[in-house]
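Feature annotations, reproduced from TrEMBL:
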- 43-294: domain 'G-protein coupled receptors family 1 profile' (DOMAIN)
- 27-50: transmembrane segment (TRANSMEM)
- 62-80: transmembrane segment (TRANSMEM)
- 100-122: transmembrane segment (TRANSMEM)
- 142-166: transmembrane segment (TRANSMEM)
- 200-221: transmembrane segment (TRANSMEM)
- 242-262: transmembrane segment (TRANSMEM)
- 274-296: transmembrane segment (TRANSMEM)
């Protein structure tokens, strides 16, 4: 059934298939996905609680980490509850506007996460290359403004996705062969010329992710040069150690994200099940790994979590 409005027609709902080809295994696949989601939610809430309650952690690195944790909570929660409902309860149907909202949250907060990772790279660059001026350059005010710019960029750049799709006519086919609603998957159901939409999608990808990756790359090149000029091996190892967590988080986010993006547009020979699994990994594994990586590798976070678990006062 199609609904009409504003010169366009759209289905009342879509059908999300989950992972095509693995329908018989959906029930069991849901268990590791559920465990990862629980770890992601618990880990990121713990990070936020530790940073909020300990005023000694109200520093640029930890404020950016709090932004990352909040972004991960939104990103994972925008898809996982519905995905688990599909796998366990066969709740494949998703209402049209709910699908558009999911598209908005997925793309907007993926952009925000990319921006936060870029901001964290800048923080590491200032901390290592200008250690004596770090606190005066990255003040709390500057950190909040940078976080606000990253958030506004994500919201403004992605909003046209939903606006343009909402004004386009859809074909009778309303089946989305994925576990969640995504911009390119929806465009494949549109019965109209989608070149403008696809072109805008490429513009957003290159202007957001491309810009962030360039800034991250330049920051780490400068960091590497500065670290190699340090006088002792111990100082070099300590400097590399402060960046190791961030590098792990960057790789965990960008590798599956870029694979998913490129596969949607150019990877027509990639098996669909591989593409869908990477698309699911891209939205779940980074939110799960980020608090684990920072909790294990960051002494200040690790010590406060242990103290809280043991009931010890600082």
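Numbers here mean position along the shown chain, with the first residue as 1.
Backbone N, Cα and C atoms are what each Cβ position is placed from, and that goes for glycine too.
Bear in mind that TrEMBL entries carry predicted annotations, made automatically and left uncurated.
Here the transmembrane segment (100-122) has long-range neighbours at 61, 64-65, 67-68, 71-72, 74-75, 78-79, 82, 94, 143, 146-147, 149-151, 153-155, 157-159, 161-162, 165-166, 180-183, 186, 204, 208-209, 211-212, 215-216, 219-220, 246, 249-250, 253-254, 257, 283, 286, meaning same-chain residues at least 6 beyond its ends whose C-beta is under 8 angstroms from one of its own. If one looks beyond the transmembrane segment (27-50) by at least 6 residues along the same chain, the residues whose Cβ comes under 8 Å of a Cβ in the stretch are 19, 57, 65-66, 69-70, 72-73, 76-77, 80, 83-84, 87-88, 280, 284-285, 287-288, 290-292, 294-295, 301, 304-305, 308. Nonlocal intrachain contacts for the transmembrane segment (200-221), taken as residues 6+ away from its ends with a CB within less than 8 angstroms of a stretch CB, comprise 107, 111, 114-115, 117-118, 121-122, 124-125, 153-154, 157-158, 160-161, 164, 183-184, 243, 247, 250, 254, 257-258, 261, 265. Counting residues 6+ beyond its ends, the transmembrane segment (242-262) has Cβ neighbours under 8 Å at 68, 110, 113-114, 117, 120-121, 124, 127-128, 205, 209, 213, 216, 220, 223, 275, 278-279, 281-282, 285-286, 289-290, 293-294, 297-298 in the same chain. On the 0 to 100 pLDDT scale, the domain 'G-protein coupled receptors family 1 profile' (43-294) averages 91 in this prediction.
Residues 33, 37, 40-41, 44-45, 47-48, 51-52, 102, 105-106, 109-110, 112-113, 116-117, 119-120, 123, 140, 143-144, 147, 150, 179-180, 249, 283-284, 286-288, 290-291, 294, 300-301 of the same chain lie 6+ residues outside the transmembrane segment (62-80) yet bring a C-beta within less than 8 angstroms of a C-beta in it.
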